[in-house]
Amino acid sequence: MSENNGKQFINGQRVAANAPTIESINATDYQPTGYLFSQATLDEVDQAAQAAYQAFLKYQHTTQQQRADFLDEIAIQIENLGSKLQEVAAQETGLPLVRLQGETGRVTGQLRLFAELLRRGDFYGARIDTALPERKPLPRVDLRQYKIGVGPVAVFGASNFPLAFSTAGGDTVAALAAGCSVVFKAHSGHMATAELVAQAIEKAILNSGIPSGTFNMIFGSRVGANLVEHPLIQAAGFTGSLEGGMALFNLAQNRPQPIPFFAEMSSVNPVIVMPEALNARGEKVAQDTVASFNMGCGQFCTKPGLIIGIKSPAFDQFVTALIDTTRTAVPQIMLNQGTLKSYQQGIDALLNEQGFKCIASGQAPELISQAQPHLFQADQSVLLSGNPKLQHEVFGPMSIVIAVDDEATLLNGLEKLAGQLTATIIADESDLPQAKELLNLLTRKAGRVLFNGFPTGVEVSDAMVHGGPFPATSDSRGTSVGTGAIERFLRPVCYQNTSQVLLPDVLKDGNPLHITRLVNGVLTQN
């Protein structure tokens, strides 16, 4: 394994005009880890985009099998990093080794899942309408459509998942699977981790015969805007704050050539607890709820940050159980000093906001890098008025509980909520007749609606949706988890009256790739 040198990854080379001055910081004590990195220059941003463009011109013509083998090889090379990867990531993020071991498996599993998607071939969306020269009153020409990669993609690493939403995370894998090249902007919170994974990707490129420049990575806090504005970048993926996401989104839309910008940003992920479920198992639901909003120190974008139920003795007992469980919750290390500061500011803002009160706090922190869990209660008027403080995601181990008068008030209040990544209904069988209207409402509000589970687990699969209406994401038509994520980096192209000699294999007569296609309105592999 290569030693840390802190240089950019551009066109298969390590380059740096600036001396390595950006320090990687230990998340536990805020001391330097010893890893140093170079701030990318504007010229290096341009070099990375140029390299990605030149690579795309070749990489877009690789076969689905070649790309699948490439993704499999990345998975192998990441596994070959061994425990060193988790150890460095733990140092930079404060996350437990067991969590990072699971996250490594998530990354390699995701790579292999996309490889399966490529071999299956349905991502092409192949549609063929053969010519009907005798059709009256007008003949029909031969039309054949499939999807191709949009071009070089900029990807921004997320702070809270140093592996799964980072260098070889969902956005990168989806773009590579689509036939797009990538310029990855490493997150400042785990640059050494990113460097290790980028080295693995570079080895996979060499071993697979993939064009150099298919993957590039740059470091630095002042290059994101330049990357999004670069004319050769054709799409971008982002996971982070609402403020950061919208700033980059606006840059992407204000370019001379606007580009798709897929940002996952802000969600409070409401959990609705139904009356009969509380009567049957209220204490267990409370314990599971607190465990969910404290998981990973509350640093999940799917953390349940809002808990709502209808006033009743059972709901009062449920709140008491929430309080008791929260008080036993232990402090955990947050990802970095900036994240902890933002969390504390969010807590202070709620403490000073009318209609909110803190009703329970977890055990006091023992380290300067730890966050204390909190449970707030808010008046139903806060929900009914659409108070922005209620809808502002406080990233960390906290949640807000609200009791409403009745079902009509519940539905009225939920209408005031903005878009969400998830919405959860905790219900028993006898609650289901009342849940239908609630389900319809939440379906309009969220990308994923759960029953009797908690949203902090996000399965990587074909059916998963990790997205939702604004401000959960900048574009509710996509997902950043699961094989559907590839759709964000594809565009359709149609060939009309084109010779079989010139057509791509995916559209040729005889179906040489043996994939499922829509031919004259019929799904077939013929």
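From the backbone N, Cα and C atoms, a Cβ is placed for every residue, glycine too.
The shown structure was predicted, so the numbers you read here are calculated from the model rather than taken from an experiment.
Annotated features in Swiss-Prot:
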- E264: active site, proton acceptor (ACT_SITE)
- C301: active site, nucleophile (ACT_SITE)
- S159, N160, K185, A186, H187, S188, G240, S241, E393: NADP(+) binding site (BINDING)
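Note on proximity: among K185, H187, G240, C301, E393, the recorded positions of the record, the Cα nearest E264 (active site, proton acceptor) is that of G240. The Cβ of K185 (NADP(+) binding site) has A154, V155, F156, G157, M217, I218, V223, G224, L227 as same-chain neighbours under 8 Å, each 6 or more residues away in sequence. Within 10 Å of the C-beta atom of H187 (NADP(+) binding site) sit 27 other C-beta atoms, taking all shown protein chains into account. Around E264 (active site, proton acceptor), taking its Cβ as the centre, 29 other Cβ atoms fall within 10 Å, counting all chains. Overall, the recorded NADP(+)-binding residues S159, N160, K185, A186, H187, S188, G240, S241, E393 cover a maximum inter-Cα distance of 24 Å. The separation of the residue listed as 'active site, nucleophile' from S159 (NADP(+) binding site), Cα to Cα, is 11 Å. Cβ neighbours of C301 (active site, nucleophile) (same chain, under 8 Å, six or more residues apart in sequence): N160, T239, E264, S267, L421.
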